[in-house]
Ligand SMILES: Nc1nc2c(ncn2[C@@H]2O[C@H](COP(=O)(O)OP(=O)(O)OP(=O)(O)O)[C@@H](O)[C@H]2O)c(=O)[nH]1
């Protein structure tokens with residue numbers, strides 16, 4: 001490279017000649033004139049000096065590279081089936097470069113003298129100069145010093161030269177440095193904050209540290225002010241948010257939680273600024289005192305408060321309420337003691353118990369008193385009584401109501417056809433085999449008034465309803481086919497109607513038929529005590545034809561006339577009450593119950609209690625399936641909304657509240673369960689004798705079904721031969737074929753056992769048998785039936801009662817205890833003295849008192865029994881005249897069953 005003069009070099013780098021000469025002097029070069037030539041070596045020397053003066057030689061880090069290494073393993077199975085583990089190392093590198101803005105451009109120009117580079121250098125130098133001057137203007141003091149230093153400069157001042165001229169450039173560098181790293185740090189912080197890499201932030205701050213103390217402090221200050229600014233922002237945001245929260249308070253918790261949730265769900269590190277936000281929300285919520293932190297602290301506080309136990313100053317006396325019986329555990333619960341406590345007390349009273357044991361009312365009272373509590377006796381029927389009184393509030397004007405009619409008669413005599421004709425719909429055609437499969441109810445308008453029909457499939461439902469004491473029918477239409485006459489089911493219908501005290505209107509049907517013989521029917525019915533008015537009786541007979549419609553109007557008139565005689569009236573404006581006709585579970589609609597309103601008006605939305613079911617009436621449907629808003633007396637409706645399917649014949653009633661309905665329903669369920677248990681015991685063949693009352697002729701009622709007529713007759717005669725003057729067999733019903741629903745219902749009403757000889761019960765019959773706990777027995781050998789009945793009748797014979805003395809105690813001493821009254825100190829001389837068995841007091845072997853023991857104690861303990869040779873204390877109930885020398889005899893009564901020879 002060719003040599004240049006100082007002036008040319010100054011022009012090339014865009015620096016004043018004087019300044020360049022000064023720098024050259026500092027670098028130890030001999031140049032003092034602008035015309036002096038500068039060699040390449042000198043240029044290099046000047047460059048080295050300048051670099052040094054700008055701190056390059058200090059070797060301070062210009063860049064920091066952060067490395068992160070993550071090693072993971074991947075396991076793969078090779079073809080040979082051997083697992084292969086591959087280590088994967090992921091290296092991340094991040095480099096932070098300190099901006100090289102302070103390097104004087106002159107130096108670059110010195111080493112790159114080409115024209116293009118020179119121009120670039122010029123531009124860069126110009127920019128630098130501008131910055132430099134700016135810095136100068138800002139730091140006047142430094143400029144002054146610079147000026148002073150410049151003035152001090154003397155050509156001989158080597159030392160001064162070597163130090164002072166460097167200062168301005170150093171300071172200049174510092175000034176730039178002081179700014180640049182701050183910028184860098186802030187950017188770095190912003191970067192790392194947004195990615196959550198806090199570690200990098202720290203490193204970058206170190207860069208600033210190592211670079212320049214001043215810059216660090218400045219950046220710290222700046223950061224500090226930045227923090228304060230943030231604080232201010234947070235505060236502002238907080239107050240703004242608080243204002244916003246005031247207006248839409250309910251959403252704040254959700255928002256705060258949502259931030260956390262999001263972070264958790266996506267496994268993202270919570271961003272710092274978002275974290276701050278979250279923190280703010282938490283803080284705000286805490287301020288409000290209704291978020292977790294606040295709650296927790298409050299809980300802690302309240303816990304502390306709870307723990308401050310205060311000993312009660314006097315024993316807590318609790319009021320315990322129970323009915324006829326209560327279990328030990330329930331009693332304990334009510335007294336707030338452990339069951340074991342009650343068991344202990346009972347044990348002291350001589351009763352061995354367990355928590356599940358049910359105590360009778362008297363025992364429960366003793367326990368409660370013993371434990372120092374009060375008791376209230378509950379009338380268990382209170383609920384029902386309350387319900388009745390609630391219903392009796394149903395006062396209002398009684399208005400005439402439509403009669404409710406049940407059509408009964410033998411199979412195929414035309415019941416459905418008759419009803420079909422009356423309501424002008426063809427129900428019969430739609431039925432399988434023409435037999436009515438459903439129980440329904442509907443009302444029809446006639447020219448003379450309204451009539452409600454209960455459409456039943458014969459007598460079963462009527463019997464079932466009757467068995468539950470449901471009096472739903474006002475009039476029975478007895479259908480008898482004029483061509484067939486009185487048949488078994490006709491007779492049955494008559495019996496049912498008479499038993500229920502329901503007037504009959506006879507419809508002699510199929511009068512259109514050639515074979516019709518109404519007179520025969522009339523005479524046959526008269527023989528059954530159904531006598532027409534024309535023959536001096538009180539029953540209306542109407543000849544009808546369900547096919548031609550002949551006599552149907554007359555029949556309806558007869559029914560309405562009968563209703564008039566009955567003076568059927570009912571309150572309309574009152575809470576509804578009535579009877580359940582049928583109910584079923586519909587797949588789409590749930591429980592669907594057909595009910596007949598008997599009094600009052602049932603409305604949509606009413607709370608209905610029907611038997612053991614209850615619910616709010618969701619919808620009311622009439623017989624055509626149309627929704628209605630209400631139903632008055634004698635109107636049948638379907639109700640939707642009950643929680644179950646009540647049984648046909650159950651009463652339904654509108655109650656004040658769902659709570660009340662539930663309470664009574666629960667009570668009824670429990671009662672029914674108990675009744676069922678009791679009933680199951682009573683109707684078992686083996687237990688029948690328990691029902692017998694002394695002096696009466698006991699009867700074993702049997703419903704007998706056989707496969708063929710021959711066996712039926714054989715069985716009937718054999719069974720009827722059994723028995724004597726004390727017991728007898730009564731075959732309530734005997735027939736050929738399967739055991740039907742009707743048979744089961746009959747067995748319920750007659751308290752009969754059911755025998756099936758080579759026949760089985762139908763599904764519906766089995767359901768009733770199971771529900772009612774009837775005794776059903778299947779046989780295939782006649783002698784087995786006879787043997788069983790003989791055995792049952794043996795049970796029915798009055799058992800022989802024999803007395804057995806089980807223990808004797810001699811009275812050795814008598815004393816009075818203020819707590820237990822008179823106590824006889826005894827020695828057991830025979831057998832065992834039992835606490836719960838009957839006793840007699842004998843004086844000189846003559847019975848002077850018969851009764852029970854009040855207490856039996858050994859030493860201080862109540863005991864159940866005391867054996868021979870042991871001493872005991874006996875308190876005799878209601879007897880205070882025991883003397884020394886008396887004997888207390890404990891006896892048992894044993895029943896010895898007799899058999900028929
Ligand atoms: N000729 C004539 N036939 C009748 C009359 N009434 C009913 N029938 C017929 O008698 C048969 C039995 O009629 P239903 O109405 O099904 O008799 P039901 O008593 O209801 O029978 P179940 O449903 O089985 O109890 C049918 O074939 C009817 O068409 C009538 O007045 N005249």
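Here, residue 1 is simply the first one shown, and the rest follow in order.
From the backbone N, Cα and C atoms, a Cβ is placed for every residue, glycine too.
As recorded in TrEMBL:
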- 409-416, 455-459, 509-512: GTP binding site (BINDING)
- 114-151: compositional bias 'Basic and acidic residues' (COMPBIAS)
- 181-209: compositional bias 'Low complexity' (COMPBIAS)
- 211-265: compositional bias 'Basic and acidic residues' (COMPBIAS)
- 266-277: compositional bias 'Basic residues' (COMPBIAS)
- 295-306: compositional bias 'Basic residues' (COMPBIAS)
- 400-569: domain 'Tr-type G' (DOMAIN)
- 101-315: region 'Disordered' (REGION)
- 403-551: region 'G-domain' (REGION)
Open item on the list: Based on a Cβ-to-ligand 1 distance below 6 Å, what subset of the binding-site residues 412, 415, 511 would you report?
Closed with: 412, 415
Open item on the list: Check the DSSP secondary structure of residue 412 (GTP binding site), expressed as helix, strand or coil.
Closed with: coil
TODO: Return the residues near residue 511 (GTP binding site), defined as same-chain residues 6+ apart in sequence whose C-beta is under 8 angstroms from its C-beta, sorted by sequence, else 'none'.
DONE: 482, 518, 543, 544, 545, 550, 551
TODO: For residue 415 (GTP binding site), just count the other CB atoms lying within 10 A of its CB, please.
DONE: 26
- [ ] With a 10 Å radius around each C-beta, find which of these binding-site residues (409, 412) has the fewest other C-beta atoms nearby.
- [x] 412
TODO: Could you pull the average pLDDT for the domain 'Tr-type G' (400-569)?
DONE: 80
